[in-house]
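Asker: One structure, pasted below without further comment.
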Amino acid sequence: MASPSRQPPPGGSGLLQGSRARSYGSLVQSACSPVRERRLEHQLEPGDTLAGLALKYGVTMEQIKRANRLYTNDSIFLKKTLYIPILTEPRDLFNGLDSEEEKDGEEKVHPSNSEVWPHSTERKKQETGAGRANGEVLPTPGQETPTPIHDLSASDFLKKLDSQISLSKKAAAQKLKKGENGVPGEDAGLHLSSPWMQQRAVLGPVPLTRTSRTRTLRDQEDEIFKL
């Protein structure tokens, strides 16, 4: 017969005294760890897979395997339920102690309507008073400002363009007429205003004077042509 296994004496020294021995790398959740997990129990159905459960709950397949101590994908059907680890934020662990501080911060950032409303009404009164002093008419909140109409049809645009072209043609023709009528008079006034031109008009054309130099130059040209 097999001998019964020995049990350690109560109160003895060793690894099993007061706590369970764990190997290196075991999944131990530390009390000081800021990341905590909340496990959700899922009833397995015939069409469930690890990938589908991971997508459904927003976790990874490795986390589901680690939480249920699974080593293959086919072993999930050996169990009726699976534990899905869901991470919880660290501030949820304070049991609402920091909720009052958050509310106070929100009240400081977002003031109440009773504090904002008087400032807005005073600003509107100042703007209306300045507009009346300058003679400007400010629109009331219920009244919309009339928007100027700038949209023209194609026919109106072409008519406007034709009228502008005709006006520019008339102005150019008038300028040409004024130039043709005014140039001869101006030239005559310029010619008569100068004393040299007046003297030339009275005496007539000035005859060319023949000097000895001109004669010698002409004789040299004749000799060149003869050669």
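The backbone N, Cα and C atoms fix where each Cβ goes, and this holds for glycine too.
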Asker: Annotation phosphoserine per Swiss-Prot: which of the candidates SER19, SER23, SER168 has it?
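Answerer: Annotation hit in Swiss-Prot: SER23.
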Asker: Quick one: which of SER26, SER155, SER166 has phosphoserine in Swiss-Prot?
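Answerer: Record annotation (Swiss-Prot, phosphoserine): SER166.
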Asker: Of the residues SER13, SER99, SER112, which is given the phosphoserine tag by Swiss-Prot?
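Answerer: Record lookup, Swiss-Prot, feature phosphoserine, residue SER99.
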Asker: Identify which of the modified residues SER166, SER212 has its Cβ surrounded by the largest number of other Cβ atoms within 10 Å, counting every protein chain shown.
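Answerer: For the modified residues SER166, SER212, the Cβ with the most other Cβ atoms within 10 Å is SER166.
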Asker: From the Cα of SER212 (phosphoserine) across to the Cα of SER166 (phosphoserine), what is the distance in angstrom?
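Answerer: Here the two Cα atoms are 67 Å apart.
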